[in-house]
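Take a look at the structure below.
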Amino acid sequence: MRGDTGAIVGVCISHERASVDQLETAAADSERHAVESLLANPAVEEAIALQTCNRTEGYVVVSDHEDGLEALELFTRAVPDDVVVEMGHEESLRHLLRVAAGLESIVLGEDQILGQLRTAYETARGVGGIGPMLEDGVTKAIHVGERARTETKINEGVVSIASAAVRLLKQESSLTDGTALVVGAGEMGQLAAEALSEEVDRLLVANRTVPHAEHIAESVDIDASALALDGIEAAVSEASAVISATGSGDQVFDIGTFSDSGDVSIVDIAQPRDVPAGADRLPSVTVYDLDALESVTAETRNKRQRAAEAVERIVDEEFDRLLTQYKRKRADRVISTMYESAEQVKAAEINSALSAADFDDEQAEVVEAMADAIVSQILAAPTKSLRDAAEEDDWSTIHTALQLFDPDFGGPDQATPPEFTKGMSVEDIPDGMRDEIPNAMLDRLSDD
């Protein structure tokens, strides 16, 4: 039963352990491509990828943990083992909740990660990556992110990587001549433009799609102009500060871009990076990357620590609820399967009995009522055992029950136990269930 016994396996490569180069290496071409590649693996039932400027994460639902890690080598194979965090089912769920709440971000509590997770969810759902397991996990994470920001002050102050970049430029006195350039017109570019508009007199916005750049230029309350990417070299010569935040797969700048520039400071928060590695060796160019933002975000982190403690409590509370929800759903699915199997056997035996003798309607009702009572009594103890097993995380018992009570088991056309029971002995059945299973079924397993 696809999805009924699977569990989540996840990997995370983030700014906590990985360099900017390693983050760039780990990232797939796109979240969509990553999910499609993961789903191409026959062991993977569900999949989602989350790629931002400071993290690359992948999650799959599989029946075997090692199969999951093998599939997730899509992200991990080209980076050192010590920058990869491997996560099992519960670790993955808790981590997702923490990510959505902003507890794992460079800027503690920043808002953008919640939108990025929503986008990753919609992307994965669009290509068939979201099933019941990830549906519950990711939507719960989004709910936690919303609670964190409405019930605490986790996102007060510097609230984005873009605003942290502006603060860094201000600290380094790079905003003194009044002109700044933003490259990229996505959400991060919009935030950078808004933050810069409070510090400079003139803003240039460059983007591959000029109308998008025009939209940002029109949204700020200072002198602002939009331009295409082929006008970047001229724009750099006018600006003393640049924030680059495109989602381009190609580098936007080259060394020649800075040939006519004066002193310019660039914060490159794109993933992959927009600025070539050798640019910071030019005497007039200073390049800052995500690592440089740590000094700016440390102050914000300290201010938000009390709020973070409240968010941790929200995460703990919602995590416990999520686990209970998973356990209840999985136990209910197995119990439903068990009852379906019993109903098939009951219906077949009633039909056989009623056709073999001349029962009137009242007698037939008595036979059917007796059969219902027998099924209920037989399954009462296994039902309790399954619910107890779910509460105690005893998934081996639940998996055995799924095999034993497969809907095809005991069907009228089946004279022998189905294929899945080959190699299974009576001793493999949990004690609480074995005592309640009809001897005929046990004999068929023993004979096989």
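Please read every residue number as a count from 1 along the shown chain.
Any Cβ shown, glycine's included, is placed from N, Cα and C.
Listed in Swiss-Prot for this protein:
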- C53: active site, nucleophile (ACT_SITE)
- T52, C53, N54, R55, S105, E110, D111, Q112, Q116: substrate binding site (BINDING)
- G184, A185, G186, E187, M188, G189: NADP(+) binding site (BINDING)
- 406-435: region 'Disordered' (REGION)
- H95: site 'Important for activity' (SITE)
NADP(+) site, defined by G184, A185, G186, E187, M188, G189: further same-chain residues with Cβ within 8 Å of the Cβ centre: V182, Q190, L191, A192, N207, I216, A245, T246, G247
Other residues, Cβ within 8 Å of T52, C53, N54, R55, S105, E110, D111, Q112, Q116 Cβ centroid (substrate site): I106, V107, I113, I161
According to DSSP, folded down to helix, strand and coil, what is D111 (substrate binding site)? coil
Among the binding-site residues G184, G189, point out the residue whose Cβ has the most other Cβ atoms within 10 Å, with all shown protein chains included in the count. G184
How many Å separate the Cα atoms of N54 (substrate binding site) and G184 (NADP(+) binding site)? 17
Least crowded of the binding-site residues T52, N54, S105, Q116, counting other Cβ atoms within 10 Å of each Cβ, is Q116
What whole-number Å value do you get for the CA-CA distance of T52 (substrate binding site) and G184 (NADP(+) binding site)? 15
Cβ contacts within 10 Å for H95 (site 'Important for activity'), all chains included, total 20
Who sits close to E187 (NADP(+) binding site): which same-chain residues at least 6 apart have their Cβ under 8 Å from its Cβ? Q112, G115
G186 (NADP(+) binding site) has how many other Cβ neighbours within 10 Å of its own Cβ? 15
In Å, rounded, how far does the Cα of G186 (NADP(+) binding site) sit from the Cα of D111 (substrate binding site)? 15
